[in-house]
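Below: one structure, written as structure tokens.
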Amino acid sequence: MNINTIKAKFRELFAAEATVIKSPGRINVIGEHTDYNDGFVLPAAIDKAIYVAISKRDDEEIRLFSENYQEELVVSLSQVQKSDKAWANFILGVVDELFSRGYALKGFNLYLSGDVPLGAGLSSSAALECATGFALSHLFGLDIAKKDIALIGQQAEHKYAGVNCGIMDQFASVFGKEGQAILLDCRSLDYEYIPLDLKDYKFVLLNSNVKHKHSESGYNTRRMQSEKGVAMVKAQVPEVSSLRDITIAQLDEFVKPYDMEVYIKCRFVVEETQRTQLAAEKLKAGDLVALGKLMFETHNGLSKAYEVSCVEIDFLVEQVTDLDYVLGARITGGGFGGCSLNLVHQDKVDLLVEHMTAVYQEKYGITLDAYMVEIGNGTEVIA
């Protein structure tokens, strides 16, 4: 994105000079649906981002403009509530959460642009929430800690977007670091940077360009199933508080005989938390082949056990399974559409994209989009 273009557009809209904040989307190398179960995740910020330009106003108005949607919204500071414009709710949710935490805000202008593909499972919403929180903290001198910016974004998504998400997406957007993945403990929020040295390999995202309508309801259903499994074990083992604390043996004893559906879902989460910690060790050791195998295992679990994939993404992963230049692939994001994440030899990226575009078009009549992503820094002021 061209920063001068953003600043010029802001001037044209608001007749004011802007501060520009960049907040990246993210990939998650491994550790899917573990964040809201107090498990481990291994995300990384990418070089596609949301850009927020912002300035103070002399009145009590909030004026928002989305470049992607070519829409404007004007609301009074005293009347912040959910809008019928979904994109604006991520911003308004952050404002509302800041108010509820006792922060004082004045009127502001905010212009939104970005190159994170929407609905692709790359957390454009979390990037927008974190950009907004960071921008308002900077603009009004609120001095909000980075961890709190992530938590504020998470609450905004819960209350204004209706998605009961974990903390991973916002945390990755704020704490991202060039060339590093983040091994995040979603219970304590302790984290460790893991060098993401991919040698001759690249992460390539293949966007299915499908988003099945039950994505949000399905996500929330999985969360409820996880909580039900915990409650069943907790009735017998009072000290457990999340799937993070539970073993396969406990699931076998206290859940499997009574609710097979909940058992299958919970077992996946327990196994995925273990896989994520193992993947971090393999990355530290430079064992990309082992990392790739773990990615395939995760996809198989997400598709067959956790049932958050879809036929289109399953097809994309199946098609690369036997290619010797692809070490691993899996669905990424909340599920039910979006992208597959592929670990591909850098010399074969064009070949992969050409091949997959052709077979996907033939099978589903849908054009595939591909993005090669680099690992970049987290939320920051850039102008």
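Just so you know, glycine gets a Cβ as well, placed from its N, Cα and C.
Per TrEMBL, the candidate among Tyr193, Tyr201, Tyr219 that belongs to the substrate site alongside Glu32, His33, Thr34, Asp35 is Tyr219.
The local packing around Ser125 (ATP binding site), expressed as other Cβ atoms within 10 Å of its Cβ over all shown chains, amounts to 27. The recorded positions recorded for this entry are Arg26, Asp169, Tyr219, and the Cα of Arg26 lies nearest to that of Leu122 (ATP binding site). Taking the domain 'GHMP kinase C-terminal' (280-360) as a whole, pLDDT averages 97 in the prediction. Reported as a whole number, the C-alpha separation between His33 (substrate binding site) and Ser123 (ATP binding site) equals 14 Å. Cα-Cα distance from Tyr219 (substrate binding site) to Arg26 (site 'Transition state stabilizer'): 18 Å (rounded to the nearest whole number).
Take the binding-site residues Thr34, Ser66, Ser123, Ser124: by the count of other Cβ atoms within 10 Å of each Cβ, the lowest one is Ser66.
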